[in-house]
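Working notes for the structure below.
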Amino acid sequence: MAGDLAVEDIVDVHVNSLALGAQICIGVFLVSAYRRTPREQQKTKLPFVVLNFVLTALFLLHAVCVSFFQSDVLALPENSSELVFTTSKRQATRNAVDTSSQVFLSFVGNGILLYRCYMVMRDKLWILVLPVLMYLVSLVMGVLCIVSGISILDYIHLGALKGATIFQLSWFLLSVAVNVSVTAIISFKILSSQRTLAKSLSKEHVRTYNNIILILTESSLPFTLLGIAASVVVGLNQTNIVDSEQSLSNAWYAFCALSPQLIIFRVVTDRAWAKDLQTATSDMAISQPIAFGGRDQRRHRDGVEETEDDSDSSGY
């Protein structure tokens, strides 16, 4: 170990660098879009911009902790004990800070996904009971994980005893379960509604639903798939796939920040599905496209003004 970095550590450096660079680019673009937003709308979008930078700050904290760990590894003298190094006070502090950033970032990220699910399923809130319960339990397990000073990445790297990792393993698996369940609920709602209305909608309207599905896919699918893969590998805890465990978990953590930020990006740039599906479809005339915002009597589309007939814009 002394003076050397494992392959998974080098992979983590590149993943963290790419993810942090993407988050900075998103943040710069959001600020630019926010400044171009009409003043009356800025108040509603400011919390999303602030939340985006909170996510970036939490991920940056994690990346700094990983960098400190790797620099300490490179500075180790030959024949140093790995056990003494990982149990030192300096590393214990780093573990606590790193674990805290992981827990709170997953909590904020899953909270955004739950809120989006609430907007979609407001007519059937009972469906959200299980995801909300898992969300709350994962928070409790995360707090216990912080108190115990155990990091999911350290657990994977060291192969710690199962009895000492019950809190962090429970937090990790529950966080993934929340993401998977919420994504499945939203996907089912959108797809079922699309099938129901496909016969009465024009190709333009069907294309709008397809765009909604693409928004869901680009923001949640990588997060979900990485979480499933990481949870399976972590659960197996086999020594021959230790490197994959650490890399998958670190990639999942990167998407804990990126996936919610992609949703925020859509919201701030007015390209998000702002209302729940039931409201959007009930307000929509069959001959008119789905309204993502307020509907005016006069629209400007592709540089050409179109005047709607009163009977068409009434929604009946």
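Here the Cβ of each residue, glycine as well, is placed from N, Cα and C on the backbone.
A TrEMBL annotation is a machine prediction, not a hand-curated record.
With a cut-off of 8 Å between Cβ atoms, the residues of this chain six or more beyond the transmembrane segment (15-34) that come close are 42, 45-46, 48-49, 52-53, 55-56, 59-60, 62-63, 66-67, 247, 250-251, 254-255, 257-258, 261-262, 264-265, 268-269. For 15-34 (among others), the entry in TrEMBL reads transmembrane segment.
Positions annotated as transmembrane segment by TrEMBL: 46-69 (among others).
Within the chain carrying the transmembrane segment (99-118), a Cβ under 8 angstroms from the stretch's Cβ atoms is held by residues 51, 54-55, 58-59, 61-62, 65, 125, 128, 131-132, 135, 138-139, 142-143, 145-146, 149-152, 168, 171, 175, 178-179, 182-183, 185-186, 220, 223, 253, 256-257, 259-260, 263-264, all 6 or more beyond its ends. Residues annotated as transmembrane segment in TrEMBL: 99-118 (among others).
Residues or ranges marked as transmembrane segment by TrEMBL: 125-150 (among others).
The transmembrane segment annotation in TrEMBL covers 170-191 (among others).
Annotated transmembrane segment per TrEMBL: 212-236 (among others), in sequence order.
Feature annotation from TrEMBL assigns transmembrane segment to 251-268 (among others).
The feature region 'Disordered' is assigned by TrEMBL to 294-316.
The compositional bias 'Acidic residues' annotation in TrEMBL covers 305-316.
Long-range neighbours of the transmembrane segment (125-150) within the same chain, counting only residues 6 or more positions beyond its ends whose Cβ lies under 8 Å from a Cβ of the stretch, are 92, 95-96, 99-100, 102-104, 106-107, 110-111, 114, 117-118, 160, 164-165, 167-168, 170-171, 174-175, 177-178, 181-182, 185.
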